[in-house]
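Colleague: I have a structure here, written as structure tokens, and I will follow up with some questions on it.
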Amino acid sequence: MPMMTRDVLLEMELEEDDEEDGYIGNVPASTRPLLAPPALPSSLALENLEQTTASGSGSLKSQQDFRTPEFEEFNGKPDSLFFNDGQRRIDFVLVYEDESRKETNKKGSNEKQRRKRQAYESNLICDGLQLEATRSLVDDKLVFVKVHAPWEVLCTYAEIMHIKLPLKPNDLKTRSSAFDNFNWFTKLLQVDESIIKPEQEFFTAPFEKNRMNDFYIQDRDTFFNPATRSRIVYFILSRIMYQVRDNVKKFGINKLVSSGIYKAAFPLHDCNFSSPSEDLSCPNERYLLYREWAHPRSIYKKQPLDLIRKYYGEKIGIYFAWLGYYTQMLLLAAIVGVACFLYGYFTQDNCTWSKEVCDPDIGGQIIMCPQCDNECPFWSLNVTCESSKKLCIFDSFGTLVFAVFMGVWVTLFLEFWKRRQAELEYEWDTVELQQEEQPRPEYEAQCTHVVINEITQEEERVPFTTWGKCIRVTLCASAVFFWILLIIASVIGIIVYRLSVFVIFSVNLRKISNGTDPIQKYVTPQMATSITASLISFIIIMILNTIYEKVAIMITNFELPRTQTDYENSLTMKMFLFQFVNYYSSCFYIAFFKGKFVGYPGDPVYWLGKYRNEECDPGGCLFELTTQLIIIMGGKAIWNNIQEVLLPWVMNVFGRCNTVSGAEKITPRWEQDYHLQPMGKLGLFYEYLEMIIQFGFVTLFVASFPLAPLLALVNNILEIRVDAWKLTTQYRRMVPEKARDIGAWQPIMQGIAILAVVTNAMIIAFTSDMIPRLVYYWSFSIPPYGDHPDYTMEGYINISLSIFNTADFKSRVKESPQNNLLKCSHLFSRYRDFRYPPGHEQEYKHNIYYWHVIAAKLAFIIVMEHVIYSVKFFISYAIPDVSKSTKSKIKREKYLTQKLLHENHLKDMTKNIGVIAEKMIGAVVDNNLRPKSD
């Protein structure tokens, strides 16, 4: 059908209250041209625009100017994906509530909404789309407007959007696998090809209408697959205008949905997920995805990535490809982590320093200094016996090996993923995607400033000047910085809680226990403080996350990125920076600050001049860091699963109970999909964010918890199937989108990988006691510093605890009777540090052992960092981002595509020249045969 300009726009009265539409998508009519197909001259489009917008300022178009969709009754075919004629495919569905049937209505407001919707639908029809309306069978207030894009519209906008379409079948060899020799085993993990058949590969090129004969068009109905059709229609829906007010245009389906004029807008699922369609022409891709991908019985199988990409688009396909690859790589890390954990578990009985802590004759005779002022009592070292045994499991030589391994593992994962990503770019035809991406409608709407393009030297429109951009960036950065300061303030609040509540636990646990051993054995003041603080920290983290998500979206909208990729990358960086501080700040505090600046009992360091800095257990803060990681990782996984599984399921069940009354009615596909949950504007953003935060826990603090990769592996195996189940059963079908990679998440992971080397080296050096123990074993257990003839760990506890004279207390104003008795029987107590004893000429100053340990720690960090970084850079250099075979295939396909197009072009030129030559020869012959007139 011929393309038509949209000729209906609303001129609204100046006094109209238009707050419901918001501000996105507004632009002065005189500065923004209409989106017109290439076949229509731009001058004609602008002329029609002027005629449309200049008519009757302040007047309202009459009902006769609107072109409305035809109303049809449901034909009784619940699986049908076509209009009632059975020929035109439904590419998109719009849902609105009939204003005339609303129970409570504001007559003026409803009339305005109706006029806007009618203008919008009329412009859709004028743009070439075909509409058919059907009233709901369950709720007669709802109306479903089905949208179909004819062949001419698809071809026109495929050229505008630079969509790559098939030229001819691809005869290049497919990618071979290194596991082909183990076909008997891998066949069990593969998807059955008799059920999900492999897709045929094609050479592709950006579509051009004047070269239509070059493309592989066997059937016009299947040349554009459903995902491409939906993408084209959504592109049109996002740019169609419906109102002009004060010379400002409003446009786009997103605004209409957000303002309530439409209830929803979505493409259709092709069938029911639980059973195939009765329509023989239906491919049943949703049913196949549920059966072979989302169903629990397929949990051990590989993902059908090509079918996921075909049905949901490349953007979702690349997410599941990355998540699956990350999960596969976690298997190796989990195996090594479990081996290191088992090594620590089976060697804990050989932990000499733990034996000394638990020995009644050693640890039982050592009286430790109180850990707070006034109320805290003296305590015996052997009350930490159980925590010292647990610490031996995690603070062992295996932890060092595992930290070095993870530094190499993360590099291998990132480099091999780049290669896999390059293969997917080739296989899914997204190598040159950056050249195809169109500006966002919200960006186009604000393009009011004219600048000269430095490359083309032509005028182009931008939303703001350079100075305006600087102001926006400054304001956005200030807002992000403010929220980061807010997180730091919450961390400080948690620290104050820890400092204040420790005194309470120290006093009350003693009273409750009454000297009984089990409570003192398992519930120490340090443990109670750590667990409660971790739980409170987790709650605060989740609350701040919920608030900041909305703030980050507002900031990014104000920033106004040009393309959808730029928008998501900008939002990604803001959200991750916030989440990084939010999730990891408490772990960084425990690992690198707690117990490091406490002074000594005679001169303790006070925080904010009031709270005495808290100390670590005699074995260090490593076990407390492990507890913090377990609570945050476990709590986060449980909370996310509740949000992702239970919440949409409960909402769908509740929606079905409210809509279906009495006998079960046969409803059409579009009505079934409407009652599913919308995916949300950000799509898979939160799924990526969840996994990247987990990636940070697995890499940044893995030296304190070698079982983190195992927990992540189990979580991810379930996460893949939960996300698949959620997409196929609980959510409406998303608009398919193109993507060539995982976007800003790639450099974020690279930054985490670099930081992980530093954090793990510092955890081993400063949080664990591994370096002090090694220094003692190799230097201070034997002469001249030690008394043992051979290298040994015996006596380490004695040298690691300094002596303090209880008469030198300065800050203990109030003392309990129990402490007075202890002071009478014990003139000296011990504390965790390396200082000279009282009576020494340098009493309470750091001794030579302390400086040996500091030198060893710094040397260890430098050596470990340089070794791992050297290996990382070598691996990065040795493994190219794109494999040689993939490069060859890309070049070969590009060459063949250009050759094919060139040959076809030459054939057309030769044919045209032949026709012209024949006409010229015929004309010459006619002139020669024509008799000359006198």
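Note: Cβ is positioned from N, Cα and C throughout, glycine not excepted.
Because TrEMBL annotations are produced automatically, they should be read as predictions rather than curated entries.
Keep in mind the model is a prediction, meaning the values are calculated, not measured.
Look at TrEMBL and you will find 82-305 tagged as domain 'Anoctamin dimerisation'. The domain 'Anoctamin transmembrane' annotation in TrEMBL covers 308-893. What TrEMBL records for 319-346, 397-417, 480-507, 527-548, 575-593, 691-714, 742-766, 848-869 is transmembrane segment.
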Colleague: Residues of the same chain, at least six outside the transmembrane segment (480-507), with any C-beta under 8 angstroms of its C-beta?
Modeller: 370-372, 374-377, 525-526, 528-530, 532-533, 536-537, 540, 544, 548, 551-552, 555, 574, 577-578, 581-582, 585-586, 589, 607-608, 611-614
Colleague: Between 319-346, 527-548, 575-593, 691-714, who has the most Cβ pairs under 8 Å to the transmembrane segment (742-766)?
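Modeller: The listed stretch sharing the most Cβ pairs with the transmembrane segment (742-766) is 691-714.
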Colleague: Could you give the residue numbers and ranges of same-chain residues that sit at least 6 residues beyond the transmembrane segment (575-593) on either side and whose C-beta is under 8 angstroms from one of its C-beta atoms?
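Modeller: Counting only partners 6 or more residues beyond its ends, the transmembrane segment (575-593) has Cβ contacts under 8 Å with 480, 483-484, 487-488, 491, 494-495, 533-534, 537, 541, 544-545, 548-549, 552, 621, 624-625, 628-629, 632, 636, 685, 689, 692-693, 696-697, 700-701, 704, 744, 748, 759, 762-763, 766-767.
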Colleague: Which sequence positions outside the transmembrane segment (319-346), separated from its termini by at least 6 residues, show Cβ-Cβ distances below 8 Å to it?
Modeller: 302-303, 305, 308, 392-399, 401-402, 405-406, 409, 412-413, 416-417, 420-421, 424, 684, 687-688, 691, 695, 698, 702, 706-710, 712-713, 716-717, 719-720, 723-724, 742
Colleague: Using a threshold of three or more Cβ pairs below 8 Å, and leaving out pairs closer than 6 in sequence, do the transmembrane segment (848-869) and the transmembrane segment (691-714) count as in contact?
Modeller: no
Colleague: Given the model, what does the mean pLDDT over the domain 'Anoctamin dimerisation' (82-305) come out as?
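Modeller: Mean model confidence (pLDDT) across the domain 'Anoctamin dimerisation' (82-305) is 84.
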